[in-house]
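Quick look at what TrEMBL lists:
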BINDING   H109, H113, Y130, D294  divalent metal cation binding site
BINDING   Y130, V131, S132, G133, G134, D162, G177, E181, N266  substrate binding site
DOMAIN    29-300  domain 'Gcp-like'
Amino acid sequence: MTIVIGFEGSANKIGIGIIRDGEVLSNPRRTYITPPGQGFLPSDTARHHRAVILTVLKEALEQAGLKPADIDCVAFTKGPGMGSPLVTVALVARTVAQLWGKPLLGVNHCIAHIEMGRLITQADNPTVLYVSGGNTQVIAYSERRYRIFGETIDIAVGNCLDRFARVIKISNDPSPGYNIEQMAKKGSQYVELPYTVKGMDVSFSGITSYIEEAAHKMISSGQCSAEDLCFSLQETVFSMLVEITERAMAHCGSGEVLIVGGVGCNLRLQEMMGVMCKERNAKLFATDERFCIDNGAMIAQAGWEMFRSGQVTELEDSWITQRYRTDEVEVTWRD
(Lines of atoms letter the chains of each structure in order from A and count residues from 1; the text may use other names and numbers.)
(Lines give C-alpha, C1' and ligand atoms only; values in the text may rest on other atoms or scores of the structure.)
Protein backbone atom coordinates (compact mmCIF):
# COMPACT_ATOMS: atom_id res chain seq x y z
CA MET A 1 0.00 0.00 0.00
CA THR A 2 1.19 3.53 -0.81
CA ILE A 3 0.70 6.27 1.81
CA VAL A 4 1.19 9.93 0.82
CA ILE A 5 0.99 13.02 3.04
CA GLY A 6 -0.03 16.29 1.33
CA PHE A 7 0.67 19.88 2.42
CA GLU A 8 -1.64 22.62 1.09
CA GLY A 9 -1.32 26.36 1.79
CA SER A 10 -1.71 28.32 -1.44
CA ALA A 11 -4.21 30.83 0.00
CA ASN A 12 -5.90 31.35 3.38
CA LYS A 13 -6.35 27.63 4.18
CA ILE A 14 -3.57 25.53 5.64
CA GLY A 15 -4.31 21.81 5.36
CA ILE A 16 -2.42 18.54 5.74
CA GLY A 17 -4.01 15.31 4.55
CA ILE A 18 -2.98 11.67 4.35
CA ILE A 19 -4.16 9.27 1.62
CA ARG A 20 -3.66 5.49 1.53
CA ASP A 21 -4.59 3.96 -1.85
CA GLY A 22 -7.67 6.18 -2.38
CA GLU A 23 -8.72 6.22 1.28
CA VAL A 24 -8.65 9.53 3.19
CA LEU A 25 -7.03 8.75 6.56
CA SER A 26 -6.96 12.35 7.87
CA ASN A 27 -7.56 15.85 6.54
CA PRO A 28 -7.30 18.61 9.22
CA ARG A 29 -7.09 22.27 8.21
CA ARG A 30 -7.21 25.81 9.56
CA THR A 31 -8.52 28.98 7.92
CA TYR A 32 -7.07 32.46 8.27
CA ILE A 33 -10.10 34.72 8.77
CA THR A 34 -9.88 38.53 8.56
CA PRO A 35 -12.39 41.11 9.91
CA PRO A 36 -15.44 42.00 7.72
CA GLY A 37 -14.54 44.34 4.86
CA GLN A 38 -10.95 43.11 4.64
CA GLY A 39 -9.19 40.64 2.39
CA PHE A 40 -6.14 38.59 3.39
CA LEU A 41 -2.61 39.79 2.63
CA PRO A 42 0.10 37.27 1.61
CA SER A 43 2.47 38.19 4.49
CA ASP A 44 -0.25 37.94 7.18
CA THR A 45 -1.53 34.67 5.69
CA ALA A 46 1.98 33.18 5.71
CA ARG A 47 2.39 34.25 9.37
CA HIS A 48 -0.86 32.43 10.21
CA HIS A 49 0.31 29.28 8.39
CA ARG A 50 3.67 29.32 10.19
CA ALA A 51 1.92 29.59 13.55
CA VAL A 52 -0.32 26.53 13.08
CA ILE A 53 1.33 24.21 10.53
CA LEU A 54 3.13 21.97 13.05
CA THR A 55 -0.06 21.58 15.10
CA VAL A 56 -1.96 20.58 11.93
CA LEU A 57 0.83 18.13 10.99
CA LYS A 58 0.62 16.49 14.42
CA GLU A 59 -3.19 16.27 14.09
CA ALA A 60 -2.93 14.67 10.63
CA LEU A 61 -0.58 11.94 11.87
CA GLU A 62 -2.59 11.31 15.05
CA GLN A 63 -5.96 11.11 13.24
CA ALA A 64 -4.47 8.67 10.72
CA GLY A 65 -2.81 6.65 13.50
CA LEU A 66 0.51 6.76 11.66
CA LYS A 67 4.16 7.50 12.38
CA PRO A 68 6.56 9.30 9.99
CA ALA A 69 8.11 5.90 9.14
CA ASP A 70 4.74 4.79 7.64
CA ILE A 71 4.71 7.61 5.05
CA ASP A 72 5.98 6.76 1.54
CA CYS A 73 6.04 10.24 -0.02
CA VAL A 74 5.65 13.92 0.95
CA ALA A 75 3.61 16.05 -1.49
CA PHE A 76 3.21 19.84 -1.37
CA THR A 77 1.48 22.57 -3.38
CA LYS A 78 3.98 23.94 -5.90
CA GLY A 79 1.46 26.47 -7.25
CA PRO A 80 -0.51 28.38 -8.38
CA GLY A 81 -1.20 30.59 -5.39
CA MET A 82 0.06 33.42 -3.19
CA GLY A 83 3.85 33.57 -2.95
CA SER A 84 4.49 33.87 0.81
CA PRO A 85 2.01 31.18 1.92
CA LEU A 86 3.27 28.80 -0.81
CA VAL A 87 6.90 29.30 0.29
CA THR A 88 6.00 28.75 3.96
CA VAL A 89 4.34 25.40 3.27
CA ALA A 90 6.97 24.27 0.73
CA LEU A 91 9.73 24.93 3.30
CA VAL A 92 8.01 22.75 5.90
CA ALA A 93 7.31 19.96 3.37
CA ARG A 94 10.95 20.00 2.20
CA THR A 95 12.21 19.91 5.79
CA VAL A 96 9.87 17.05 6.72
CA ALA A 97 10.89 15.04 3.63
CA GLN A 98 14.58 15.39 4.55
CA LEU A 99 14.06 14.66 8.27
CA TRP A 100 11.98 11.58 7.49
CA GLY A 101 14.13 10.48 4.54
CA LYS A 102 11.16 10.43 2.13
CA PRO A 103 10.82 11.43 -1.56
CA LEU A 104 9.26 14.83 -2.30
CA LEU A 105 6.63 15.78 -4.91
CA GLY A 106 5.57 19.27 -6.06
CA VAL A 107 1.88 19.22 -7.04
CA ASN A 108 -0.21 21.53 -9.24
CA HIS A 109 -3.02 22.90 -7.04
CA CYS A 110 -5.63 22.85 -9.85
CA ILE A 111 -4.86 19.25 -10.81
CA ALA A 112 -5.10 18.26 -7.14
CA HIS A 113 -8.68 19.63 -7.08
CA ILE A 114 -9.52 17.57 -10.18
CA GLU A 115 -7.96 14.33 -8.88
CA MET A 116 -9.70 14.71 -5.52
CA GLY A 117 -13.02 15.31 -7.30
CA ARG A 118 -12.50 12.23 -9.48
CA LEU A 119 -11.64 10.11 -6.44
CA ILE A 120 -14.59 11.19 -4.29
CA THR A 121 -17.30 11.24 -6.99
CA GLN A 122 -15.92 8.38 -9.17
CA ALA A 123 -16.52 10.53 -12.28
CA ASP A 124 -14.90 8.81 -15.26
CA ASN A 125 -13.82 11.47 -17.77
CA PRO A 126 -15.73 14.66 -16.94
CA THR A 127 -15.65 18.19 -18.28
CA VAL A 128 -14.36 20.05 -15.21
CA LEU A 129 -15.46 23.46 -13.98
CA TYR A 130 -12.78 24.68 -11.57
CA VAL A 131 -14.01 27.69 -9.58
CA SER A 132 -12.25 29.25 -6.59
CA GLY A 133 -10.99 32.53 -5.13
CA GLY A 134 -8.00 32.58 -7.46
CA ASN A 135 -8.99 30.43 -10.45
CA THR A 136 -11.83 30.00 -12.94
CA GLN A 137 -11.29 27.43 -15.71
CA VAL A 138 -13.20 24.92 -17.82
CA ILE A 139 -10.97 21.89 -18.30
CA ALA A 140 -11.07 18.52 -20.09
CA TYR A 141 -8.53 15.72 -20.29
CA SER A 142 -6.96 14.87 -23.65
CA GLU A 143 -3.67 13.19 -24.61
CA ARG A 144 -1.85 13.31 -21.26
CA ARG A 145 -2.81 16.88 -20.42
CA TYR A 146 -5.67 18.66 -18.69
CA ARG A 147 -6.59 21.11 -21.46
CA ILE A 148 -8.08 24.52 -20.65
CA PHE A 149 -11.09 25.17 -22.89
CA GLY A 150 -12.08 28.47 -21.31
CA GLU A 151 -11.14 30.63 -18.35
CA THR A 152 -11.48 34.06 -16.80
CA ILE A 153 -9.56 36.76 -18.63
CA ASP A 154 -9.21 38.89 -15.50
CA ILE A 155 -10.28 37.99 -11.94
CA ALA A 156 -11.66 34.67 -10.67
CA VAL A 157 -15.33 34.19 -9.78
CA GLY A 158 -14.46 33.65 -6.10
CA ASN A 159 -12.53 36.91 -6.03
CA CYS A 160 -15.56 38.68 -7.55
CA LEU A 161 -17.81 37.33 -4.76
CA ASP A 162 -15.22 38.10 -2.06
CA ARG A 163 -14.82 41.69 -3.19
CA PHE A 164 -18.57 42.26 -3.16
CA ALA A 165 -18.72 40.78 0.36
CA ARG A 166 -16.15 43.39 1.44
CA VAL A 167 -18.25 46.22 -0.04
CA ILE A 168 -21.34 45.32 2.01
CA LYS A 169 -19.22 44.26 5.04
CA ILE A 170 -20.30 40.59 5.10
CA SER A 171 -18.44 38.41 7.60
CA ASN A 172 -15.49 36.32 6.34
CA ASP A 173 -16.39 33.54 8.78
CA PRO A 174 -16.53 30.75 7.59
CA SER A 175 -16.09 32.38 4.15
CA PRO A 176 -17.51 35.42 2.32
CA GLY A 177 -18.87 33.23 -0.50
CA TYR A 178 -20.81 31.02 1.92
CA ASN A 179 -22.37 34.07 3.60
CA ILE A 180 -23.33 35.56 0.21
CA GLU A 181 -24.99 32.23 -0.64
CA GLN A 182 -27.09 32.35 2.57
CA MET A 183 -28.13 35.99 1.95
CA ALA A 184 -28.97 35.22 -1.69
CA LYS A 185 -31.60 32.70 -0.51
CA LYS A 186 -33.53 35.64 0.99
CA GLY A 187 -33.26 37.80 -2.15
CA SER A 188 -36.26 37.93 -4.51
CA GLN A 189 -35.70 40.87 -6.87
CA TYR A 190 -33.32 40.32 -9.79
CA VAL A 191 -31.16 43.36 -10.55
CA GLU A 192 -29.66 43.34 -14.04
CA LEU A 193 -25.86 43.26 -13.95
CA PRO A 194 -23.17 43.16 -16.70
CA TYR A 195 -22.93 39.67 -18.27
CA THR A 196 -19.61 39.11 -20.08
CA VAL A 197 -18.90 35.90 -21.99
CA LYS A 198 -16.33 36.15 -24.78
CA GLY A 199 -16.32 32.92 -26.74
CA MET A 200 -15.19 30.30 -24.23
CA ASP A 201 -13.85 32.87 -21.77
CA VAL A 202 -15.52 34.95 -19.07
CA SER A 203 -14.77 38.33 -17.50
CA PHE A 204 -15.72 39.28 -13.94
CA SER A 205 -13.94 42.64 -13.52
CA GLY A 206 -16.77 44.63 -15.16
CA ILE A 207 -19.54 43.16 -13.01
CA THR A 208 -17.33 43.63 -9.92
CA SER A 209 -16.62 47.32 -10.69
CA TYR A 210 -20.30 47.95 -11.47
CA ILE A 211 -21.67 46.35 -8.30
CA GLU A 212 -18.94 47.89 -6.09
CA GLU A 213 -19.91 51.36 -7.33
CA ALA A 214 -23.70 50.88 -7.40
CA ALA A 215 -24.35 48.75 -4.28
CA HIS A 216 -24.57 51.45 -1.60
CA LYS A 217 -26.61 53.83 -3.79
CA MET A 218 -29.11 51.10 -4.68
CA ILE A 219 -29.47 49.85 -1.10
CA SER A 220 -29.70 53.31 0.54
CA SER A 221 -32.27 54.55 -2.02
CA GLY A 222 -34.47 51.49 -1.35
CA GLN A 223 -34.14 50.28 -4.95
CA CYS A 224 -33.18 46.84 -3.69
CA SER A 225 -31.81 45.07 -0.61
CA ALA A 226 -28.35 43.63 0.03
CA GLU A 227 -29.99 40.19 -0.23
CA ASP A 228 -31.35 41.08 -3.69
CA LEU A 229 -27.84 42.05 -4.84
CA CYS A 230 -26.35 38.80 -3.48
CA PHE A 231 -29.07 36.86 -5.34
CA SER A 232 -28.55 38.83 -8.57
CA LEU A 233 -24.75 38.52 -8.48
CA GLN A 234 -24.92 34.74 -7.99
CA GLU A 235 -27.51 34.25 -10.74
CA THR A 236 -25.48 36.30 -13.23
CA VAL A 237 -21.98 34.90 -12.63
CA PHE A 238 -23.22 31.30 -12.34
CA SER A 239 -25.16 31.64 -15.61
CA MET A 240 -21.92 32.69 -17.32
CA LEU A 241 -20.14 29.62 -15.90
CA VAL A 242 -22.92 27.22 -16.95
CA GLU A 243 -22.85 28.67 -20.48
CA ILE A 244 -19.13 28.07 -21.06
CA THR A 245 -19.25 24.64 -19.39
CA GLU A 246 -22.08 23.53 -21.70
CA ARG A 247 -20.15 24.77 -24.73
CA ALA A 248 -17.07 22.77 -23.65
CA MET A 249 -19.23 19.67 -23.14
CA ALA A 250 -20.65 20.01 -26.64
CA HIS A 251 -17.15 20.38 -28.08
CA CYS A 252 -15.83 17.30 -26.22
CA GLY A 253 -18.97 15.19 -26.64
CA SER A 254 -18.93 14.80 -22.85
CA GLY A 255 -21.72 13.35 -20.72
CA GLU A 256 -20.26 14.33 -17.33
CA VAL A 257 -19.56 17.57 -15.46
CA LEU A 258 -17.41 17.77 -12.34
CA ILE A 259 -17.40 21.00 -10.28
CA VAL A 260 -14.30 21.53 -8.13
CA GLY A 261 -12.77 24.38 -6.10
CA GLY A 262 -14.09 26.39 -3.16
CA VAL A 263 -16.97 28.05 -5.06
CA GLY A 264 -17.98 24.54 -6.20
CA CYS A 265 -19.74 23.80 -2.90
CA ASN A 266 -22.28 26.57 -3.62
CA LEU A 267 -25.61 24.71 -3.85
CA ARG A 268 -27.14 27.27 -6.22
CA LEU A 269 -24.28 26.77 -8.70
CA GLN A 270 -24.77 23.00 -8.42
CA GLU A 271 -28.52 23.43 -8.95
CA MET A 272 -28.09 25.58 -12.08
CA MET A 273 -25.47 23.22 -13.51
CA GLY A 274 -27.79 20.29 -12.70
CA VAL A 275 -30.60 21.82 -14.80
CA MET A 276 -28.24 22.15 -17.78
CA CYS A 277 -26.96 18.57 -17.33
CA LYS A 278 -30.51 17.20 -17.15
CA GLU A 279 -31.38 18.90 -20.44
CA ARG A 280 -28.33 17.25 -22.05
CA ASN A 281 -28.92 13.84 -20.38
CA ALA A 282 -25.56 14.33 -18.67
CA LYS A 283 -24.42 13.58 -15.12
CA LEU A 284 -23.33 16.21 -12.60
CA PHE A 285 -20.68 15.43 -9.98
CA ALA A 286 -19.81 17.71 -7.07
CA THR A 287 -18.36 17.41 -3.57
CA ASP A 288 -19.05 19.12 -0.25
CA GLU A 289 -16.89 21.58 1.69
CA ARG A 290 -14.62 18.80 3.08
CA PHE A 291 -13.07 18.25 -0.34
CA CYS A 292 -13.95 21.18 -2.64
CA ILE A 293 -12.44 23.82 -0.32
CA ASP A 294 -8.60 23.75 -0.33
CA ASN A 295 -7.37 20.81 1.75
CA GLY A 296 -4.28 18.64 2.26
CA ALA A 297 -5.89 15.37 1.15
CA MET A 298 -6.28 16.64 -2.43
CA ILE A 299 -2.53 17.35 -2.60
CA ALA A 300 -1.89 13.89 -1.17
CA GLN A 301 -4.20 12.28 -3.75
CA ALA A 302 -2.55 14.02 -6.73
CA GLY A 303 0.83 13.17 -5.18
CA TRP A 304 -0.26 9.54 -4.82
CA GLU A 305 -1.18 9.36 -8.54
CA MET A 306 2.11 11.03 -9.56
CA PHE A 307 4.27 8.93 -7.21
CA ARG A 308 2.68 5.67 -8.42
CA SER A 309 3.46 6.65 -12.01
CA GLY A 310 7.15 7.11 -11.14
CA GLN A 311 7.39 10.85 -10.55
CA VAL A 312 9.46 12.53 -7.81
CA THR A 313 10.74 16.10 -7.38
CA GLU A 314 14.43 16.54 -6.66
CA LEU A 315 15.21 18.90 -3.77
CA GLU A 316 16.93 21.44 -6.05
CA ASP A 317 13.79 21.53 -8.26
CA SER A 318 11.33 21.95 -5.38
CA TRP A 319 10.69 25.68 -5.76
CA ILE A 320 7.22 27.21 -5.96
CA THR A 321 5.57 28.66 -9.09
CA GLN A 322 2.90 31.29 -8.42
CA ARG A 323 1.55 31.08 -11.96
CA TYR A 324 1.56 27.34 -12.57
CA ARG A 325 -0.77 26.53 -15.45
CA THR A 326 -3.03 23.46 -15.33
CA ASP A 327 -2.00 22.43 -18.86
CA GLU A 328 1.75 22.62 -18.08
CA VAL A 329 1.65 19.28 -16.26
CA GLU A 330 2.14 16.00 -18.14
CA VAL A 331 -0.52 13.64 -16.79
CA THR A 332 1.50 10.40 -16.58
CA TRP A 333 -1.09 8.51 -14.47
CA ARG A 334 -3.96 8.47 -16.97
CA ASP A 335 -4.14 6.60 -20.27
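Residue numbers in this text run from 1 along the chain shown.
Note that Cβ sites are derived from N, Cα and C of the backbone, with glycine treated the same way.
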*Among the binding-site residues G134, G177, whose Cβ has the fewest other Cβ atoms within 10 Å?*
G134
_Between H109, H113, which of the binding-site residues has its C-beta surrounded by the fewest other C-beta atoms within 10 Å?_
H109
*Rounded inter-Cα distance in Å - G134 (substrate binding site), D294 (divalent metal cation binding site)*: 11
_Close in space, distant in sequence - S132 (substrate binding site), Cβ under 8 Å, 6 or more apart_ = H113, A156, G158, G261, G262, V263, G264, D294
_Diameter of the substrate binding set by C-alpha atoms, the set being Y130, V131, S132, G133, G134, D162, G177, E181, N266, in angstrom_ = 18
*Other CB atoms, at most 10 A from the CB of Y130 (divalent metal cation binding site)*: 26
*Within the same chain, and leaving aside H109, H113, Y130, D294, name every residue whose CB is within 8 angstroms of the centroid of the CB atoms belonging to the recorded divalent metal cation site, in sequence order.*
S10, C110, A112, I114, S132, N135, V260, G261, G262, M298
